[in-house]
Amino acid sequence: MAAPFKTLVEDYPRYLKSFELFLERSSEHQCMQDFIHNTLPDILASIGGGRSVFNVMGVGSGAGDIDLEMLAQLHLKHPHVKVDNEVVEPSNDMLYKYKARVSTSPDLAYINFTWNKMTASEFEKQWQEKTPEKKMDFIHMIQMLYYVKDPNATVSFFRSLLEKDGKLLIILVSGESGWGKLWTTFRKQLCYTEMSQCVTIGEIKSFLDSEGVPYRKYVLLSQMDITECFTEGDQEGELLLDFLTEVKEFSKNAPERLKKEVLDVLRHPDCSKEVDGRIIFNNNLEVLVIEP
């Protein structure tokens, strides 16, 4: 049964504010950038089969900052290759920011961008109707499987689009992170049946294992300062609590008992550690690299 709250993503301006605060308070983008610069190039070395044009797809690309860093690494590894880049992103605001970033970025002439303002499921339907035979060299799905109805089916579909030497890259929170503990404890109270907000990489690995699909995995160490969550009435703390629970105005709308239980779990050693009087949440991510 769906939880009796409004989900944060229903209020896009508040979601965006909480997401931007999360990025400010966490090392998430830094750990992704480290992975992109230090590990991804070797993963990308074997794709493309010597073709002169690579087909690349970003699913849930957001404002494109991480996409463009990956494309830059791809270009360094394959400097003479052109790229057809499919961008799948349902948010007008994010697509606008992505396009603005492209327009002010030098040296992107080797990339042809196709903009798809739609969800992953809408894109899947369109793809099957228009270009079912087309194959991709590299697909990335970064922190987006929380927002699909069936994460396993979504992974299976996009994996089916890969060239024989293609790669599908997925980044999600680790099952051993603070998110894993929080969601395991409060799945019934906080998670929604129509959106799989509580999925971790552990569940995707279990699915792939059950299907006999091999993958490589990498852990990205990340943390987030959530100290303000424990100060009653602190606006930034309330925004972070919204982001952590995926509930709009959780502090105002949650029953006192649930609020106390959530805060207790957030302080628990399985979720966070105390460093110099600050509460530091375990925001570890994992990367899966999947082949056809």
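Cβ atoms here come from the backbone N, Cα and C positions, even for glycine.
According to Swiss-Prot, the features are:
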- Glu28, Asn283: substrate binding site (BINDING)
- Gly60, Glu89, Ile142: S-adenosyl-L-methionine binding site (BINDING)
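For Ile142 (S-adenosyl-L-methionine binding site), the Cβ neighbour count at a 10 Å cut-off comes to 20, with all displayed protein chains included.
Across the fold, the C-alpha of Glu28 (substrate binding site) and the C-alpha of Ile142 (S-adenosyl-L-methionine binding site) stand 11 Å from each other. Look at the Cβ of each of the binding-site residues Glu28, Gly60, Glu89 and count the other Cβ atoms within 10 Å; the largest number goes with Glu89.
A distance of 15 Å separates the Cα atom of Ile142 (S-adenosyl-L-methionine binding site) from that of Asn283 (substrate binding site). Compute the center of the Cβ atoms of Gly60, Glu89, Ile142, which mark the site for S-adenosyl-L-methionine; besides them, the chain residues with Cβ within 8 Å of that center are Gly58, Val59, Ser61, Gly62, Asp67, Val88, Met141, Gln143, Met144.
Rounded to a whole number, the distance between the Cα atoms of Asn283 (substrate binding site) and Gly60 (S-adenosyl-L-methionine binding site) is 20 Å.
For Asn283 (substrate binding site), the count of additional Cβ atoms within 10 Å of its Cβ stands at 24 [all protein chains shown].
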